[in-house]
């Protein structure tokens with residue numbers, strides 16, 4: 001496939017070269033006249049004409065070249081990684097000949113890589129770091145910085161005109177991150193328990209498994225203890241803290257998101273190491289593959305959810321890069337603050353005086369698209385790029401492609417499972433952080449997002465499908481910001497004296513009538 005495309009590209013290059021030579025012959029019968037004039041000097045006019053012609057040819061070929069490189073480079077890399085994963089532990093490629101020539105006629109599946117070798121970690125930059133090396137892409141980054149400066153200036157100028165002075169207040173940020181010490185000691189408790197309990201349970205199970213007279217009972221008992229820890233300690237404990245202490249939204253997000261991360265980290269550690277112990281017991285090996293505490297501790301902070309004993313490491317830590325990533329994270333926080341201050345607060349300050357209706361809903365959704373899109377980009381950039389890269393750099397974690405999947409097998413089933421789990425987890429996080437259940441995100445995730453994702457699959461390469469994808473994504477975030485903000489305002493200004501459980505799950509923005 002790649003060879004055919006390279007041949008096509010060569011044909012285009014040669015065809016363009018032949019056409020240019022024909023045009024040159026028609027315009028300039030004597031090639032020697034291009035090099036020197038009658039007086040022996042170079043003819044500058046012809047030289048400039050030749051340069052312009054070559055530049056035009058290069059510009060004509062550049063779109064074809066970039067299109068073909070972009071469409072096949074990812075396939076080439078993925079194919080290379082999949083082929084490298086098919087190597088056995090001795091380093092020999094698995095082919096039909098190596099299987100057929102074996103004396104014991106082993107089946108091909110006996111030569112496949114073990115489950116823990118599913119993803120190949122390699123030294124590579126993150127996607128945005130690679131893109132930012134292109135000047136045109138970096139210009140977009142500079143545009144966002146310029147927009148942040150304009151937001152700050154707009155806030156300062158408006159406050160100075162209205163108040164007659166500079167109002168440097170961050171009341172929204174101080175409210176959102178209120179009761180931060182409670183969130184911090186809750187995090188410390190979660191971290192210490194995740195560091196100790198799963199590792200201790202796995203270690204005891206692994207050491208006694210091969211010696212146990214009832215290995216199934218032994219495994220079920222430790223599995224039960226692990227589930228009690230996951231559900232009872234990591235699941236219910238942090239949730240009770242944020243509800244009992246009525247933490248503000250941002251402090252709740254810290255606790256809940258870290259709760260979800262620790263649950264997934266503990267699950268991955270057990271999931272990746274249990275098959276190794278079972279294989280060791282099956283082979284009656286004297287060595288039990290139990291990771292060290294340092295390896296598990298490194299994994300708890302590493303920006304990955306797939307456990308390995310060792311990861312590719314960079315030689316040094318670029319502390320200037322770390323400082324820049326954290327600086328950009330704080331910059332994104334202030335960016336979101338000014339978006340809510342200049343775009344969202346005036347919008348909901350005006351609509352909150354009107355009863356809920358189709359007109360109010362439509363206006364709210366379309367006015368929320370721009371701030372919703374900005375918040376989407378900032379959240380992605382602050383967390384999936386800056387935050388993860390900062391910790392990866394401090395830990396010298398080499399593989400920065402945090403959101404690259406490694407296989408295309410069972411793609412539809414995997415995509416369906418990812419959508420379902422993501423919808424449930426995201427809705428749980430929003431319900432706890434906002435203190436009400438309003439399954440807007442769940443509906444958009446599970447139904448509209450999933451259906452559109454299967455419709456616009458990899459086989460649809462035309463630009464119209466890409467435009468439709470981004471349009472639906474932007475519109476969906478406008479709906480999310482609008483409906484959740486309306487519900488937040490309704491619950492703030494229409495409180496109930498003795499709310500029941502149904503009051504927490506019934507949308508109050510549909511019935512709330514408040515006038516200021």
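Any Cβ shown, glycine's included, is placed from N, Cα and C.
Just so you know, TrEMBL annotations are computer predictions that nobody has curated.
What you see is a predicted model, and the numbers here were worked out from it, not measured in a lab.
Of the listed segments 467-486, 487-506, TrEMBL assigns transmembrane segment to 467-486. Residues 223-247 are the range that TrEMBL records as transmembrane segment, among 98-122, 223-247, 248-272. Checking the ranges 140-161, 294-315 against TrEMBL, the transmembrane segment annotation falls on 140-161. In this chain, the transmembrane segment (223-247) does not touch the transmembrane segment (467-486); fewer than three CB pairs sit within less than 8 A of each other, excluding pairs fewer than 6 residues apart. Highlighted: of the candidate stretches 140-161, 181-202, 319-340, 436-455, 319-340 has the greatest count of Cβ pairs under 8 Å to the transmembrane segment (360-392). Outside the transmembrane segment (436-455), and at least 6 residues removed from its termini, the chain residues within Cβ reach (under 8 Å) are 412, 415-416, 419-420, 422-424, 426-427, 430, 468-469, 472, 476, 479-480, 483-484, 487-488, 491, 504-505, 507-508. Within the chain, the transmembrane segment (181-202) has long-range Cβ neighbours (under 8 A, six or more residues past its boundaries) at 222, 225-226, 229, 233-234, 237-238, 241-242, 245, 247, 251-252, 254-255, 258-259, 262, 265-266, 269-270, 273-274, 290, 293, 296-297, 300. In sequence order, 441, 442, 445 make up the list of same-chain residues 6 or more apart from residue 426 (active site) whose Cβ falls under 8 Å from its Cβ.
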